[in-house]
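As recorded in Swiss-Prot, the features of this protein are as follows:
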type: TRANSMEM; residues: 3-23; note: transmembrane segment
type: TRANSMEM; residues: 54-74; note: transmembrane segment
type: TRANSMEM; residues: 81-101; note: transmembrane segment
type: TRANSMEM; residues: 119-139; note: transmembrane segment
type: TRANSMEM; residues: 162-182; note: transmembrane segment
type: TRANSMEM; residues: 198-218; note: transmembrane segment
type: TRANSMEM; residues: 239-259; note: transmembrane segment
type: TRANSMEM; residues: 263-283; note: transmembrane segment
type: TRANSMEM; residues: 289-309; note: transmembrane segment
type: TRANSMEM; residues: 342-362; note: transmembrane segment
Amino acid sequence: MVHIIIGGAVSFIIAILFTPILIRRFSDEGLGQEIREEGPRSHLRKRGTPTMGGIAIIVAIVGGYFLAHLASVFTPSSYKPTASGLLVLGLTVGMGFLGFLDDYIKLAKARNLGLNKKGKLLGQAVLAIGFGVLCLLFLNEHGLKPASTKLSFVRDIDTFDIAIGGGIIGTLIFLLFIYILVTAWSNAVNLTDGLDGLAAGTTAIVMAAYSIMTFWQFRNSCASNASVACYQVRDPLDLSILAACGLGACLGFLWWNAAPAKIFMGDTGSLALGGLVAGLSVTSRTELLMIVIGALFVAETISVVIQVVSFRSTGKRPFRMAPIHHHFENGGWAETTVVVRFWLLTAMFAVAGVSMFYADWLGWT
């Protein structure tokens with residue numbers, strides 16, 4: 001438990017102290033966000049606000065994670081980084097770097113368009129497939145890998161193996177699934193990052209839920225507690241530490257990103273957090289449960305899909321603007337009202353998800 005607290009606290013401190021340094025540096029260098037002309041008119045006043053604040057989030061997560069492990073040397077239970085934790089951390093940093101390239105191109109060209117779609121999808125594919133391949137390696141002494149090829153809700157669904165038939169074909173199907181998952185979640189968080197504090201606040205809530213669930217998995221791991229309700233997760237404690245680091249980093253950044261935002265996380269932050277969300281869902285065996293906990297991200301994405309499909313097929317737009325947070329904003333809701341209400345919705349989704357997780361455990365005991 002102490003490792004989790006240290007990781008979250010250190011990440012919060014790093015983020016809250018490092019973010020203003022980035023604000024001053026980026027302001028001095030004129031690295032400000034360009035605002036799309038077709039966006040809400042009220043957002044034009046945000047033009048020039050420093051961006052790429054996701055750098056602080058990534059540094060905070062990495063720093064908190066490794067310092068938590070370093071501090072564990074001085075506690076009764078020394079704990080080393082694990083394959084699962086390092087793989088999710090690597091995916092987070094890799095997605096963040098991809099987002100950084102996107103942000104940098106936007107700033108270099110002074111327009112709100114960065115990497116083209118093909119370039120971004122290719123980068124996501126390389127990172128997702130690399131993550132997926134490595135997740136099938138690193139077998140521990142209990143015969144567990146960082147990921148399972150079986151689809152999971154709260155735990156593996158034994159009758160639903162994604163790698164149908166096994167072998168090379170089965171592995172390729174599994175890697176395709178991982179690619180879809182990573183791409184979907186990273187883009188979903190990216191779409192949510194459209195209002196001051198929205199993505200940071202909602203992701204913080206999701207990270208809190210995952211820190212709780214993975215700690216419960218650790219306390220009831222089959223490696224130490226071979227009960228009928230135990231969890232077949234390779235490194236649950238390390239995942240809990242990493243989720244706590246994500247929580248702390250988001251809260252520390254939110255201090256400066258809350259309305260009126262002094263800095264934006266940019267694609268650097270949103271893609272990194274999307275990678276963290278996807279990685280945690282895979283390594284904790286909760287891919288389907290993440291849809292419940294991260295339902296707001298799902299709603300944001302679906303609103304864009306509906307808007308595009310409807311306009312292309314009928315010429316009509318069902319929403320005033322997509323993603324859906326802009327629909328409410330253009331409908332007269334104040335930006336802060338939309339953000340706070342979406343935080344509340346995310347909290348309710350998180351409670352529902354954690355309740356389902358715990359209800360499953362009760363059903364087995």
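Note: Cβ is positioned from N, Cα and C throughout, glycine not excepted.
Under the criterion of 3 or more C-beta pairs below 8 Å, with sequence separation of 6 or more, the transmembrane segment (54-74) and the transmembrane segment (162-182) do not qualify as touching, having fewer than 3 such pairs. Across 162-182, 198-218, 239-259, 263-283, 342-362, the stretch most heavily in contact with the transmembrane segment (3-23), judged by Cβ pairs under 8 Å, is 239-259.
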